[in-house]
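> Here it is, the structure in full.
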Amino acid sequence: MESLTLQPVSQINGEVNLPGSKSVSNRALLLAALAQGTTRLTNLLDSDDIRHMLNALKQLGVNYQLSTDKTVCEVEGLGSAFNASQALELYLGNAGTAMRPLAAALCLSQGEFVLTGEPRMKERPIGHLVDALRTAGADVTYLENENYPPLKITGTGLYGGEVEIDGSISSQFLTAFLMAAPLATADTVIRIKGDLVSKPYIDITLHIMAQFGVTVENRDYQEFFIPAGQTYQGAGDFLVEGDASSASYFLAAAAIKGGEVKVTGIGKKSIQGDVQFAHALEMMGAEIEWGDNYVIARRGELKAVDMDFNHIPDAAMTIAVAALFAEGTTSIRNVYNWRVKETDRLAAMATELRKVGAKVEEGNDYITIVPPTQLQHATIDTYDDHRMAMCFSLVALSDTPVTINDPKCTSKTFPDYFDKLAELSQPA
């Protein structure tokens, strides 16, 4: 297996223009495909998860032109649901942002579809979404294990009506249903069962649906009313915001070893909840400055925090590693859904933090971290999880090197992450 050893860094300084947001890119691509008219997406993310969505749309008969650097995509919308004259198998890798929304959208379509992916995708639950789709008239079959992909979908249309979705595991189930609902034959009311996790991701979904001309009535996140008979309208020029989760590594690096780092492409007007990460860093003692389209972080004496991170689970992983540089015991709470991401992130994070010398308690939905007086040089396993690789790169901001196994796994969202980090790093 390939590995990368990062030598100790004495200071971090500079500016990073963020790659496009994965969450925004895949939602906008799907809605652009269903819309009437053309949408030109700029600052699209070029990564594995987006490529899986683009390949699936091509198989489904969507025409698009992709620029040479793959960051501009002009999509000719179908103006309706997908139709396939022959059975199709769509391979979606480990892209939850493609699997869940496409599963819902294909129920509206005519045709027979199999949705599959890599082995980890077959361990990521989808039952709560399938239950809701079946309530609304969908024909969905599990091909291997109950409640998990691969799925076989026979497109019959969705008739809407009253539907209940369990929101306690992943907000992507609700996102998927919301995006399909305007094309159902009758009005849809979605009721949320359990506590809705990752609410800011629902805000992203609703915001993008509105940009494509569709209205949803959000009744305090407990119920959503979607009138039938709506059509998505091409959004013309659509700028994909920078990825706020990706920003977290650079902002944390500055908080630990700045100098200062300016990230551009997100700011105080961002639609992504993960910009709240900067507030968490500020609570730890970093100095943060906000602009409309940038965030600047500067070094501070970092102190431990004890916080509920349910609203920003992805960026919370970065806090877990920043905790190695903070005084006291850091507690990251209410992150059960780490367990159903690219890997079981609670178990993975606990294992790897212990390798560098931290004292860690791993609970069912929380993790507490006590930093060691001296970080140890360790070889970090990344579990085919892009965020594990990026998080643990921050260990090099000590006077200890760190070795990252399978560094190319960052290609899921940020293929040139290590190059960008090197540009900002001054070797010790």
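Note: Cβ is positioned from N, Cα and C throughout, glycine not excepted.
Feature table excerpt (Swiss-Prot):
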type	residues	note
ACT_SITE	ASP314	active site, proton acceptor
BINDING	LYS22, SER23, ARG27, SER170, SER171, GLN172, SER198, ASP314, ASN337, LYS341	3-phosphoshikimate binding site
BINDING	LYS22, GLY96, ARG124, GLN172, ARG345, ARG387, LYS412	phosphoenolpyruvate binding site
> Just to confirm: which same-chain residues, 6+ apart in sequence, have a Cβ under 8 Å from the Cβ of GLY96 (phosphoenolpyruvate binding site)?
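When sequence neighbours closer than 6 are ignored, GLY96 (phosphoenolpyruvate binding site) has MET121, ARG124, SER170, GLN172, LYS341 within Cβ distance under 8 Å.
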> Of all the binding-site residues given, GLN172, ASN337, which has the fewest Cβ neighbours within 10 Å once its own Cβ is left out?
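The binding-site residues GLN172, ASN337 were compared, and ASN337 has the fewest Cβ atoms within 10 Å.
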> Check the Cα distances from ARG345 (phosphoenolpyruvate binding site) to each of the binding-site residues LYS22, SER198, ASN337 and keep only the ones within 10 Å.
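Of LYS22, SER198, ASN337, within range: ASN337.
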> Just counting, how many other CB atoms are there within 10 A of the CB of SER198 (3-phosphoshikimate binding site)?
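Its Cβ has 24 other Cβ atoms within 10 Å.
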> CB neighbours of LYS412 (phosphoenolpyruvate binding site) within 10 A?
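Taking all protein chains shown, LYS412 (phosphoenolpyruvate binding site) has 23 Cβ neighbours within 10 Å.
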> Measuring CB to CB from LYS22 (3-phosphoshikimate binding site), give everything in the same chain under 8 Å that is also at least six residues away in sequence.
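Looking at Cβ-Cβ distances below 8 Å from LYS22 (3-phosphoshikimate binding site), excluding near sequence neighbours, one finds LEU45, SER47, ASP49, ILE50, THR97, ASP243, SER245, LYS412, THR413.
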> Any same-chain residues 6+ apart from ARG387 (phosphoenolpyruvate binding site) with CB under 8 Å of its CB? Would you list them in sequence order, or say none?
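Set apart from ARG387 (phosphoenolpyruvate binding site) by at least 6 residues yet with Cβ under 8 Å, we have SER245, ASP314, MET317, LYS341, GLU342, ARG345.
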> Please report the DSSP secondary structure of the residue listed as 'active site, proton acceptor', reduced to three states.
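Helix, per DSSP.
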